[in-house]
């Protein structure tokens, strides 16, 4: 199947109570904090970054709305994430999630446990590639490496061969219509003892292809698992990235210029398709550079008439959202303006405040500086204004 014809949906199973993960007062394990964020928040963030178009349904317990709502608000995914109430068993919860996606015209669906927060994008890509090659169902799994024993009460009865044995993981991925039909058939037959979705697929005769799982993709089951996950994230190396941007616009006769979103009266204006705010254009490029998301022209082509005369804050706020959707936190924004006139000093504080508002970061993290070009070159001849911008962004850490 061609990639352009594939449309994935995601079911995140999060309705469990997690009795083995500690006392009820600590709350369900999917909402316990690890690395400063809830387990499920890490999980959802990975899928949001992997595919910015696929719908996600979170199957949650009826009592967990107050826990889930603030997490969804922080992720700011809008209508991409919906919720549905789960059933008494995992099997019933998955079926509820699949039914909730029925209006999206999906070709495939990934079903993932919320308490596997370390799922990686490369695994999701491998799964998608197998579907493109024709696989109906895909199961990430690891070969069993421990010696297996069968026991009776407190005695070993026999050693079980581990040849051909695998430990199943999630996400388990399928043709959407096939796995929906399989779950419906299982429910209609009264069979409720399936422990994963691949088992249901096998029961209905669907072929499931194995792909390599990951030792990092652990399921947080016990209280000590959550403690280890928190320790792992707490000792992660910070992924600090720096992006640079440069822009220049010509000056022409006019009544003022807009720089960093602030209009300054002047006997010239900047020439451009939008409002020609050279500072915000440079900073937009700097932010996009931190996550390899192209440049301002890729997102807002100057050939598109809808951006004619547009306020450049639209571009900057979009770039900030792209950064956050990729798991980034903007730490600092620095803009250097190069112009003979107008004077920037009297407006610097207003510019910093505008940047702080547009980026949603503290004022102390926003810097605006200005210099002349000592009457040299096109800037020195007052033919244009240039801007250099640097953005510092911290992305989710890499575990040691």
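Glycine too: its Cβ is placed from the backbone N, Cα and C atoms.
For the divalent metal cation site, Swiss-Prot lists 247, 249; matching the candidates 266, 273, 281 against that entry yields 281. Averaged across the region '2-C-methyl-D-erythritol 4-phosphate cytidylyltransferase' (1-240), the predicted model reaches a pLDDT of 93. Set side by side, the recorded positions 273, 274, 373, 378 differ in how many other CB atoms lie within 10 angstroms of their CB, and the most is found at 274.
Compute the center of the Cβ atoms of 247, 249, 281, which mark the site for divalent metal cation; besides them, the chain residues with Cβ within 8 Å of that center are 248, 270, 272, 276, 277, 278, 279, 280, 282, 386, 387. Ranked by CA distance from residue 273 (site 'Transition state stabilizer'), the binding-site residues 247, 371, 378 have 247 at the top as the closest.
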